[in-house]
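Engineer: Sharing a structure, written as structure tokens. Questions coming.
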Amino acid sequence: MATLFLHLLLLWLPSAFAGHNYGQALSKSILFFEAQRSGYLPGNQRVRWRANSGLNDGKASGVDLVGGYYDAGDNVKFGLPMAFTITMMSWSIVEYGKQLATSGELGHAMQAVKWGTDYFIKAHPQPNVFYGEVGDGITDHYCWQRPEDMTTDRRAYKIDKNHPGSDLAGETAAAMAAASIVFRRYNRAYSNLLLRHAKQLFDFADRYRGKYDSSITVARKYYQSYSGYADELLWAAAWMYKATNNQYYLNYLGRNGDSLGGTGWAMTEFGWDVKYAGVQVLVSKILMQGKAGRHSPVFQRYQQKAEFFMCSCLGKGSRNIQRTPGGLLFRQRWNNLQFVTSASFLLTVYSDYLASAGKTVNCASVNVSPSQLLNFAQSQVDYILGDNPRATSYMVGYGRNYPQQVHHRGSSIVSIKVNPSFVTCRGGYATWYGRKASDPNLLTGAIVGGPDAYDNFADERDNYEQTEPATYNNAPLLGVLARLNAGRRYNQLLEEEIPAPKKPIVTQPNPTPKPKTTPAPAKSSAPISVTQKVTSSWNAKGKTYYRYSIVITNKSAKKLSDVKLSISKLYGPLWGLTKSGSSSYILSSLPARKSLEFVYVHAASPAYITISSYRLG
């Protein structure tokens with residue numbers, strides 16, 4: 001009878017609990033980055049429902065900022081999370097390059113890194129200048145449009161020595177340094193180029209100190225640097241040491257470990273804002289490699305904090321991370337899985353460091369083996385892939401039951417290649433955002449925000465806390481999935497060369513591709529664009545007034561007529577348009593390839609200006 005019951009139980013269990021195909025999950029997780037690409041898409045683009053976008057980014061500032069990644073379900077290029085994404089993808093390759101090569105995904109992973117570093121090179125035109133954002137969250141969140149249709153403001157925002165951003169410059173230095181290791185064997189010249197940028201960015205971050213969101217204030221509502229910049233300075237120094245083997249950076253970690261918090265902060269999270277746990281794990285590796293030298297006492301204090309993090313994850317420390325009833329690490333309700341994937345990566349690499357050194361972790365007088373750390377990391381990955389009370393995979397396209405209504409503009413709106421009709425700013429909300437149906441485009445490999453503290457999850461597009469994906473959710477998972485798929489480790493304390501990929505790395509093409517004789521692709525951008533900038537300012541009666549210039553451009557070869565604009569949050573006079581309603585304005589016609597300028601004045605941030613409708617031809 002007991003045998004019959006066990007047989008029936010095994011038949012009842014969902015397939016998600018029968019083990020996972022980590023190789024398939026790895027392939028899908030890398031594919032997600034291709035859906036997040038901005039700029040001119042290459043010929044080897046595999047996510048075919050996407051097309052070119054953001055082709056004028058940086059133009060108004062006199063710099064080429066075409067390329068890079070959209071961070072999540074929106075169309076803004078936020079520098080801090082993008083840099084963290086590239087650092088974590090690079091770290092995955094640095095640690096698990098051989099396993100990625102075995103899985104056949106090394107080339108795709110390197111290509112994903114290069115898409116980001118190519119953009120960072122453009123965004124760093126001078127040693128003490130870095131463009132840290134294109135577009136802004138306020139105007140972007142007002143619209144629901146495909147990236148290919150964007151009519152939102154694409155202003156570029158920068159840091160410089162008078163407007164510093166040590167956290168942003170430091171994280172980007174870390175990304176460039178880590179990526180230089182990735183490309184060292186494959187492309188020495190490119191690796192050296194990345195390292196030159198990394199050195200300049202580290203010097204910029206260290207010499208001109210300040211929080212980036214005090215300089216790029218539009219980022220504050222979306223990616224505020226709550227932890228400050230001290231963690232990024234140490235994080236960058238650790239990666240600079242790994243990339244250069246220069247004692248200056250080792251000494252920097254030793255001298256500044258106490259003053260910048262590396263030895264003091266005992267953390268229970270690791271992510272795009274707070275890097276301390278990552279620094280502590282990197283420094284622990286240096287210590288276990290026997291390279292700490294006279295800094296050993298300081299580095300041991302770093303390691304104590306690294307092991308505090310490990311014990312907290314396992315629930316064996318003095319301050320443990322909360323878990324859901326189903327066993328998932330839980331930090332916050334909004335995009336909690338970002339912390340799960342990053343913690344899983346740290347657990348995995350630290351497990352391999354310990355195993356290579358023949359050591360264990362002591363958690364509150366209980367010895368924890370390396371295999372226990374790895375097994376717990378695997379349990380978190382398995383939860384994400386479907387081993388949870390809902391039997392839901394939180395990776396889109398993996399398994400049988402995964403999110404269908406992802407909070408993502410591109411995936412939720414029909415592809416421009418299927419229907420090239422322009423999707424307006426507010427029209428996207430009316431037609432696509434509230435649509436109670438599966439996304440027309442599968443956002444393969446995306447890790448969404450995930451369940452709440454009680455393992456509950458609502459698959460609804462407007463539930464952005466749970467259904468929005470992000471690049472930094474996926475980046476740490478590359479290394480963990482490669483490790484689990486390979487089923488073996490190498491000596492992680494040896495600095496081994498990353499193998500070269502079998503196929504050439506092809507990323508962003510020339511922005512002016514040669515004409516083809518094949519049928520023309522679907523249009524890659526909206527026929528009308530709106531740019532906005534401040535042209536002057538003055539003080540009067542204690543207030544600062546700004547004159548804003550708005551240029552509407554017809555990019556098509558046909559005349560535009562009955563152009564209707566929606567302008568909100570306008571608190572002053574406007575010249576050059578005919579008003580039609582409380583917040584609507586009419587432009588009778590706009591000839592092909594021509595522009596129209598209008599201006600307004602008020603003592604506030606820019607108004608929200610979007611295209612409501614128009615007729616083409």
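One is the number of the first residue shown, and numbering goes on along the chain from there.
Keep in mind that glycine also has a Cβ here, set from the backbone N, Cα and C atoms.
Annotation comment: TrEMBL describes 1-18 as signal peptide. TrEMBL lists His407, Asp459, Glu468 with the feature active site. TrEMBL lists 500-526 with the feature region 'Disordered'. Positions annotated as domain 'Carbohydrate binding' by TrEMBL: 528-605.
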Engineer: Name the residue among the active-site residues Asp459, Glu468 whose Cβ has the smallest number of other Cβ atoms within 10 Å.
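Structural biologist: Sparsest of the active-site residues Asp459, Glu468 by Cβ contacts within 10 Å: Asp459.
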Engineer: Can you give me the same-chain residues 6 or more apart in sequence from His407 (active site) with a CB-CB distance under 8 Å?
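Structural biologist: The answer is Gly73, Val448, Arg461, Asp462, Asn463, Tyr464, Thr467, Glu468, Pro469.
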Engineer: Tally of helix, strand and coil residues over the domain 'Carbohydrate binding' (528-605) according to DSSP?
Structural biologist: 0 helix, 53 strand, 25 coil
